[in-house]
Amino acid sequence: MVQSVLSSTSHGSERADMSAASPQGFHCWTTHLGLADEGKDDFSMVISDRPCTSSVVFTKSLFAGPCVTLSKTSIEQTSPRGVLVLAKNANVATGAEGLRNASEIRASVARTVGIEPDALIMASTGVIGVQYPMDTIRAGLDGLGQGTPLDAHAVARAIMTTDTRAKVSERAVGTSTIVGIAKGVGMIEPDMATMLSFVFTDADVPQDTLNRIFRDVVDRTYNSVSIDTDTSTSDTAAVFANGSAGPVPDTEFEQALEEVCTDLVKMIASDGEGATKLIVTTVSGASSERQARVVGKSIINSPLVKTMIHGEDPNWGRVLMAIGKCSNEVDIEPDRIRVAFADIDVYPSSSLDQHDTVEVVREHLATVTVEINVDLGIGTDTWRVFGCDLTDEYIRINADYTT
């Protein structure tokens, strides 16, 4: 049986029990090293007290950072039991020095907590092309201290960069708990995973099963979100299962894991840089899931659609434009297509007159979650994607990012 322990609304206001139990056997560390402004933690780490099964996916960017390189090597050697994250510096495009620095940091932390470096994957997020301030980091790590039982909200806050709120979701599956955290509000259209997302569970899940389930869930969630079409150099998503609570049915575990990751994806999209609205687009009647995703991504990535939604302007013809751009999908026939905003039909016709249709659509666009539903009328496959509106604030944030 799957139960919701903690979830968040699309704009981050949390409901349910903020002190919900965390999975057994995980400890965390959070501290301020000096990468971020004073008063904000910029270092975080979560480690299982016992060996884990784990599954990790990484960015496909050609400019993947040294932390991705280190972590890929580690998972070839062992099954990691934890993750450390530095925020406000991506350590990307930093060459051999950047790789040496990342290795030194991971080795130093591993010595402090008494594990092998390969037992930790490492992630880093922030400005590209800047070396770590190693003297500052070394001084900060000297006072790392003892870990505490996992506090997902503290870790989620420590990995934030331009995020405006922490992103945490939890589910209970039988006697086990799944908790997930994520960060990322810009440079987001993953091609494998997400910005940064880490899931911890005390369920006992065999390695092969965990790999299969996690990759399927990643495809349906993180690979189905886009804020600005840009794929990060540091994307990493991972799940760690330490088995402390015993086994759970595969189907229930997969359902709960997908619910956690879907919560996180919605939080990411609704917290997109400058965003005021979450866009959920469902494409049905496609000849394949791939086709449905292509059409859905074309809609949520269209600047004209995104600005239309931000301005609450019921110019639904822009959705047709975005579908029409998918010219490689040769079996799409415009005469078969149906488009609706939530349950409000707009194409090819509405039961309302034109004026009433416009006003009802305008009312829907005024909500914080905008639903666009497209039926291609070809086949039986469906896909759902998540995005956000495009605002002046997005431009301001990214025009001034390093200044």
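A Cβ is built for glycine as well, from the same backbone N, Cα and C atoms used for every other residue.
If you look up Swiss-Prot, you'll see Thr194 marked as active site, nucleophile, on the strength of sequence analysis.
Cβ neighbour count for Asn398 (substrate binding site) (all protein chains, 10 Å cutoff from its Cβ): 16. Look at Asn398 (substrate binding site): DSSP puts it in a helix. As annotated by Swiss-Prot, substrate binding site applies to Thr161, Lys183, Thr194, Glu273, Asn398, Thr403.
As annotated by Swiss-Prot, compositional bias 'Polar residues' applies to 1-11.
Swiss-Prot lists 1-21 with the feature region 'Disordered'.
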Across every protein chain in view, the count of C-beta atoms other than its own within 10 A of the C-beta of Glu273 (substrate binding site) is 24
Residues near Lys183 (substrate binding site) by Cβ (under 8 Å) yet at least 6 apart in sequence within the same chain, in sequence order, are Ala87, Thr125, Ala156, Ile159, Met160, Thr161, Asp163, Lys167, Met195, Leu196, Ser197
